[in-house]
Amino acid sequence: MATASAVAVNGLKLGTTSQAYLESKAVNDTRALLSDLCRQFYNLGWVSGTGGSITIKVHDDSIPRSQQLVLMSPSGVQKERMVPEDMYVLSPNGSILSAPSPKPYPHKPPKCSDCGPLFMKAYEMRDAGAVIHSHGIESCLVTMLNPLAKEFRITHMEMIKGIKGHGYYDELVVPIIENTAYEYELTESLAKAIEAYPKTTAVLVRNHGIYVWGDSWISAKTQAECYHYLFDAAMKLNQLGLDWTTPNHGPIQNTKGISGSCGNRNISVKAGTADSNHKYEPSQRCVVLDIEGTTTPISFVSDVLFPYARDNVGRHLLATYETAETQDDIKLLRSQVEDDLEKGVNGAVPIPSDGVGKEEVVAALVANVAAMIKADRKITALKQLQGHIWRTGYENNELEGVVFEDVPEALERWHNLGIKVYIYSSGSRLAQRLIFGKTNYGDLRKYLSGFFDTTVGNKRETRSYVEIAESVGVDKPSEILFVTDVLQEAVAAKAAGLEVIISLRPGNAPLPDSHGFKTINSFSEI
């Protein structure tokens, strides 16, 4: 093994560090892991023909991930025959600290992975712990199904649950960038895709392969396996004439007169008009619905859900206190309460440290949550906890979601027309799925393509609707119809370019006379 001098190699700088640390157990174990994984990936067809690569950070609990050393496989070598000594060791900023020694003919001189600059972008922009670049045939062919598509989309597949931040009912969106003659030339477009899709853990390269990252090598490997499975499933469904982008995976719609696309398939929707009965026929290809006051009576939220969460928060926290999920909820609440105390928010009380005992901690949390619910605050810390409490209520048959009687028929009608329907609510995505999963009209989730909550932004901010428009696969925001009962949300959505209708339901707040928006009393009018 050679420690290189200070020159640039393959777009990466060379540097120096402690030789003792370079030969430490942590580094050597990671070298061995890399060679083992490369053999596995070769057998999967991900790194054949010397293509593909993998990089892992040297895990050390005493060192922040952003400052951990990086190990990277070399370029242009038989990946299945690599040994631990063949790996490159890089500093956190990409400087090569240790390079492998040359091997005799017919081996080529050692060269750090051509993927190096792209790997470093994933480390820099996503604080990844490992990155995999696969040339698996599934990841290549899936980008050819629609040569013009800038995204791959799929929903209602079990393996989606293996992708970080996604569940069975969610729509998985993977950006696609165009290939270039040289790997390093992809760096800028990869970085733009990572920035444009803050929730993605992968980027597809057309006619080439995929980059996948995770916070550890296990996370990256698991997700890579799930991505390849989903790509293979999409291609097989396509061969069967079935649509992988819709919840029921029905026949691909390809009828005379069809134009435009939503996701990876064509759909037919009439231009926006109003008939003699004043029913609006939307020209939109996607519909985004608010819940409270739009699909669901405000009274159900205010008189049923909120009191249930308020009355059961203490019981829930005490019963689940030691679980990772509840500890994450408490961490979010602590952070929110600290911020509230600094700003002098009414009802905020200090939360003691864990050392005083969970009963005291829970008592303070209950007081803060009660104040937050009373003020109807639209904050992630509260909404996430409420979702977990409500889940227990639905599982115990203590809660049942309520929707207006015109909602199920409208959802089914739009679904049959090929119009994708999404939910955008201040409630967590979990809470949204619970409401529509067990309603007074049965499980309506089969008609829904995805859920958005306040993690995309506040519902009264224009940027939130820009983010949604960029996520649902339309060519322009005006192809989305947003239905809400809140004027401020309507104004924000309109500013983002969406078409907007305001829902007038019993119990909704009155609108000013000059609001300027179309209104409906029932989804049957859409």
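Cβ coordinates are placed from backbone N, Cα and C, and glycine is handled just like the others.
The region 'Methylthioribulose-1-phosphate dehydratase' annotation in TrEMBL covers 1-243.
What TrEMBL records for 32-235 is domain 'Class II aldolase/adducin N-terminal'.
Residues or ranges marked as substrate 1 binding site in TrEMBL: Cys115. The Cβ of Cys115 (substrate 1 binding site) has 28 neighbouring Cβ atoms from other residues within 10 Å, across all protein chains displayed.
What TrEMBL lists as Zn(2+) binding site is His133, His135, His208. For His133 (Zn(2+) binding site), applying a Cβ distance below 8 Å and a minimum sequence separation of six or more within one chain yields Gly52, Ser53, Ile54, Ser113, Cys115, Leu118, Phe119, Gly209, Ile210, Tyr211, Val212.
The Cβ neighbour count for Ser425 (substrate 2 binding site), using a 10 Å radius and every protein chain shown, is 25. Positions annotated as substrate 2 binding site by TrEMBL: Ser425, Ser426, Lys459.
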Lys459 (substrate 2 binding site), number of other Cβ atoms within 10 Å: 21
Number of Cβ atoms other than its own within 10 Å, given for Ser426 (substrate 2 binding site): 24
Listed in sequence order, residues with CB under 8 A of His208 (Zn(2+) binding site) and six or more positions away: His135, Cys140, Thr143, Asn179
Chain-mates of His133, His135, His208 with C-beta within 8 Å of site centroid, Zn(2+): Gly51, Gly52, Ser134, Gly136, Ser139, Cys140, Val205, Gly209, Ile210, Tyr211
